[in-house]
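Next up is a structure, given as structure tokens.
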Amino acid sequence: MFPYPQLNFPPVYPTNPMAYRDPNPPRCRWRPFRPPLAAQIEDLRRSIANLTFKQRSPNPPPGPPPKKKKSAPKPKPTQPKKKKQQAKKTKRKPKPGKRQRMCMKLESDKTFPIMLNGQVNGYACVVGGRLMKPLHVEGKIDNEQLAAVKLKKASMYDLEYGDVPQNMKSDTLQYTSDKPPGFYNWHHGAVQYENGRFTVPRGVGGKGDSGRPILDNRGRVVAIVLGGANEGTRTALSVVTWNQKGVTIKDTPEGSEPWSLVTALCVLSNVTFPCDKPPVCYSLAPERTLDVLEENVDNPNYDTLLENVLKCPSRRPKRSITDDFTLTSPYLGFCPYCRHSAPCFSPIKIENVWDESDDGSIRIQVSAQFGYNQAGTADVTKFRYMSFDHDHDIKEDSMDKIAISTSGPCRRLGHKGYFLLAQCPPGDSVTVSITSGASENSCTVEKKIRRKFVGREEYLFPPVHGKLVKCHVYDHLKETSAGYITMHRPGPHAYKSYLEEASGEVYIKPPSGKNVTYECKCGDYSTGIVSTRTKMNGCTKAKQCIAYKSDQTKWVFNSPDLIRHTDHSVQGKLHIPFRLTPTVCPVPLAHTPTVTKWFKGITLHLTATRPTLLTTRKLGLRADATAEWITGTTSRNFSVGREGLEYVWGNHEPVRVWAQESAPGDPHGWPHEIIIHYYHRHPVYTVIVLCGVALAILVGTASSAACIAKARRDCLTPYALAPNATVPTALAVLCCIRPTNAETFGETLNHLWFNNQPFLWAQLCIPLAALVILFRCFSCCMPFLLVAGVCLGKVDAFEHATTVPNVPGIPYKALVERAGYAPLNLEITVVSSELTPSTNKEYVTCRFHTVIPSPQVKCCGSLECKASSKADYTCRVFGGVYPFMWGGAQCFCDSENTQLSEAYVEFAPDCTIDHAVALKVHTAALKVGLRIVYGNTTAHLDTFVNGVTPGSSRDLKVIAGPISAAFSPFDHKVVIRKGLVYNYDFPEYGAMKPGAFGDIQASSLDATDIVARTDIRLLKPSVKNIHVPYTQAVSGYEMWKNNSGRPLQETAPFGCKIEVEPLRASNCAYGHIPISIDIPDAAFVRSSESPTILEVSCTVADCIYSADFGGSLTLQYKADREGHCPVHSHSTTAVLKEATTHVTAVGSITLHFSTSSPQANFIVSLCGKKTTCNAECKPPADHIIGEPHKVDQEFQAAVSKTSWNWLLALFGGASSLIVVGLIVLVCSSMLINTRR
């Protein structure tokens, strides 16, 4: 496939005539020099030609095209020239895009729209004699014959299909399973197919394109589009394709949405309308617009409705000066500290402060509004606030008058609506102030702003150059959404400025052009609405009346300092700007540590100009993880074993090191050198052996001395040498023993014939019975052997079974020997491994946000709580609040007033980034990536290690597992937070505990099934001002974050790398994997076609036992022909670096090997001919290296031959002393007894 230009469909109206275009445009090539005057004349001629022939006619007005005037007939002589030109054009090659246009015509003829409510909801196409329609697309096919076809549902593929009528079967599209990477044809342009996925540029295609086919250049259907998912700059398509067998396959990228054009409907007074076309707009009917938004606040398309009610239709387009915060109004709120002194009602009350960003920036919500002028239109240089003076009008001022501070001044980064974004120094409080002339309004709240840093090194300021790590910061764009804040219509609030007391009379004085509602109790209760200065009859004191105005065209924030309007519930919501978004942040890199290597250990010399974290873990079964923050210059010692050690210094990458069996002394030297060497390598065993040798020598010496002393004592005793000696008793006893000999076979049969004939015949039947049983076994097995012999000739693969260590990167080498064939070298390497457990998502938890709605206050009456589905919803009614007039609610009654206080919790706005997922972990499945080299062929494959599931690569078939040891770094319960995994025994779903992990739970972040228990307790309000006091437990999520310990990424054993999405442990080095391989016959070479080695001998030139290939050997050989031979080490003591080599008739080859033993005696084969190599290896010079050992150390090779000789000599000497003593003792005893 190849790219092609996007198609242009014929316009509704004729386009302007194209300008003249030279078919052979001038190019930058060498031309002969022309005089300047000739060049100027030529340029002038070209300019006149451009003005004459390249003029475009003006755009035609909308409507039917104007009639063309009849042009005069052109002279006849010009016609032949036109024909000539036309003939020349026909001789040219077809212009590019012709096949694409043909495909598009096929697509338009064989694709039929699906209509729903008069709109195209999707498409159906006829492919291979069948009608195919996406299952999620509702409506009727716009074709009478196809609309009558009965369709069958295939929900697995999101399709409906049926046979097309007989008269249409010959006129359908054909499908194909051939999809080479490249570009394909679609209705909206080119579709790229790469890595098994169809993608288009983002913004191409969308709702209503479901069911459109993707065609190749021959007009065959490659796929049918069902939907798509945005992935950055491109959109991945969800499609239905076919495989080589014609079976349907559905390929759905993660996060894809179906592309059916379903019109989103909203409701207004039981009448539905499209959400993108509301019947009202805010500029024309503000109160009605708020009614529409409140009625559809829970509609999934609320954001679409909110966006469109701000756009009023007009005859000409103009820049919009309204946005979502135009619907709102600033307000006065109760601030605990005004100007760092007493509490007050402040025009810039701080409602919330968020400090979840990793770069130290904070997001503040206040009662003023930023980016708007006094009228409420957008103006980035202004802000507006509610004045506390007189009539509480809304005023505006310059954004330069806004100041934010903590322990020092803050830098403002952005603003929108009620929200500010600022960069602040650390502090214990946050202050926002308005400086206007000599007056200043400020509000201070207690909030600890900590110094933030990312990574493993603390820093005050991010570096200019460093390492980039993942972090989360507040997005400076105002259009991003971090969630919603709830809004409501403001309730009535009385102002004293609306009352005037003069000469014992009371007047209602509304602002100019405003209506004011009054309530008076001057004997009788009276109420009304006035717009001009009005006298209240019978009233003598201003405190007998209250006057207020209620604006139902604006929303205010759902603040606990405001009374909720009695006619409206809390239903509005607006977006919170400055979303917390993932990005990368620069972090510093500490000085690289200096490493000193010693025997089985390292010393890290560290220099840190700032607090830097050092973590370590062992790569064996016991991780023994450590963590330490280091400042200044220091050194740390760590022991390193054969299993390895991993350390991470600051923001540097992890470093893994392994110990070599290096030690002073010489395992092949003198006894003192041998003792020094083995004492450093194996101190305990060396001490035990030395103690045993010393004890043997001591026992031998003592025994020999005792025997000699006893013999001397016996010989020198006078009475023991008496005359008339007799024969010793021991010799006399030997004379009493009768000589015996066994009877022959003939004598035995003769004895049985004359004495016991039945037993004779029984003895003769035993061999006969054995022969009968053997022949019967052969007769039973003969059919199986015959079948096996027949099938043996038909087998096309040779099965080889072996066991491979599950250590990524360490190859396992074997030699496959098959009768009649030359040996085949086999190398198996575990390239990667993934231990993926099956998980069950229990719930999602994060920091909760407590919502305190504006209270409901009823003067001279009572209220009742109602049930609610909100999480941890608490409601209480308090009586006797805000007594007669001087209370915050300004009620006329004394003790009959009531307040309904509510509280509930929800997920914090930044939970989309900072949250934890609680998972239950079950059985894990191990999947390994293998690299198998047999002969000259290399194969890569992935297979599950379960002993059942086969893996294949071309002609190679592999069955792996089950693994020798069951292991998983995950406990039964794990918690995932920001990509880090913790083993944590979290509470079950629904078993919430206040102040503990899981105090707020939900199935997902956007779910509505939130449950919580945070111990909210509502308190009775004081009488001074409207408020909702409460107490609550601390966030359990924040407590867990501060005490969660270290993640599994730093503490997992066996060097596992823990990853998420999905949860898995990668490259864990543990256990052994049994593997059965079916090697194809083509890989083997018959013995008659390969060289035969006649003689071979091995000489070891040099040997250093280490993790590297420190040994070198030479094979002297004689062969019958020239060719290639496999070489292999048949012992686990050593492994060869080379797998094959070239041999001649007579010659030698040099090979390299790796061993971990001082005495490496191993068998090497060349083309199947074996020989033994004896290597006395020296210890390596490097104590610590950066790669693991390739072979393990064995006991028989751990002790050198020289050491065995010295050890046996010592034991032999000790035993010789004992033997000498015993000989002396026996000789003396015999002498004494003889003389007696």
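Each Cβ is built from the backbone N, Cα and C atoms, and glycine gets one as well.
What you see is a predicted model, and the numbers here were worked out from it, not measured in a lab.
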From the list Asn50, Asn1067, pick out the residue that Swiss-Prot labels N-linked glycosylation site.
Asn1067
Suppose you had to name the range Swiss-Prot annotates as region 'Interaction with the capsid protein'; which of 295-299, 490-494, 710-714 would you pick?
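So the range that Swiss-Prot calls region 'Interaction with the capsid protein' is 710-714.
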Taking 881-898, 899-916, 953-970 as the choices, which stretch does Swiss-Prot tie to region 'E1 fusion peptide loop'?
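Within the set 881-898, 899-916, 953-970, Swiss-Prot attaches region 'E1 fusion peptide loop' to 881-898.
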Cys865 pairs with which of Cys859, Cys860, Cys875 in a disulfide, per Swiss-Prot?
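So the cysteine that Swiss-Prot bonds to Cys865 would be Cys875.
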Just confirming the record: what cysteine out of Cys520, Cys585 does Swiss-Prot connect to Cys545 via a disulfide?
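If we follow Swiss-Prot, the cysteine bonded to Cys545 turns out to be Cys520.
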Would you mind telling me which one of Asn515, Asn724 Swiss-Prot calls N-linked glycosylation site?
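The candidate carrying the N-linked glycosylation site note in Swiss-Prot is Asn515.
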So among Cys520, Asn1042, Cys1098, all listed as recorded positions, which is physically nearest to Cys424 (disulfide bond)? Use the C-alpha atoms.
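Comparing Cα positions, the candidate nearest Cys424 (disulfide bond) turns out to be Asn1042.
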Let me know how many other Cβ atoms fall within 10 Å of the Cβ of Asn270 (N-linked glycosylation site).
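If we count other Cβ atoms within 10 Å of Asn270 (N-linked glycosylation site), we arrive at 6.
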Looking at the recorded positions Tyr184, Cys266, Cys335, Cys522, Cys1173, which ones sit with their CA no more than 10 Å from the CA of Cys344 (disulfide bond)?
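Passing the 10 Å Cα cut: Cys335.
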On a count of neighbouring CB atoms within 10 A, which of the disulfide-bonded residues Cys344, Cys1177 is highest?
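Highest number of other Cβ atoms within 10 Å: Cys1177.
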Taking the Cβ of Thr111 (phosphothreonine) as the centre, how many other Cβ atoms fall within a 10 Å radius?
16
Counting across all protein chains present, how many other Cβ atoms fall within 10 Å of the Cβ of Cys335 (disulfide bond)?
25
Say you check the Cα of Cys1103 (disulfide bond) against those of the disulfide-bonded residues Cys443, Cys522, Cys1125, Cys1173; which is nearest?
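Sorting the disulfide-bonded residues by distance from Cys1103 (disulfide bond), the top entry is Cys1173.
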Indicate whether Asn270 (N-linked glycosylation site) is helix, strand or coil by DSSP.
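In the DSSP reduction, Asn270 (N-linked glycosylation site) maps to coil.
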Asn1042 (N-linked glycosylation site): which of the recorded positions Asn270, Asn936, Cys1125 is the nearest Cα neighbour?
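Minimum Cα distance from Asn1042 (N-linked glycosylation site) across Asn270, Asn936, Cys1125 lands on Asn270.
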Which one is it: of the recorded positions Ser108, Asn637, Asn1042, which Cβ has the fewest other Cβ atoms within 10 Å in this structure?
Asn1042
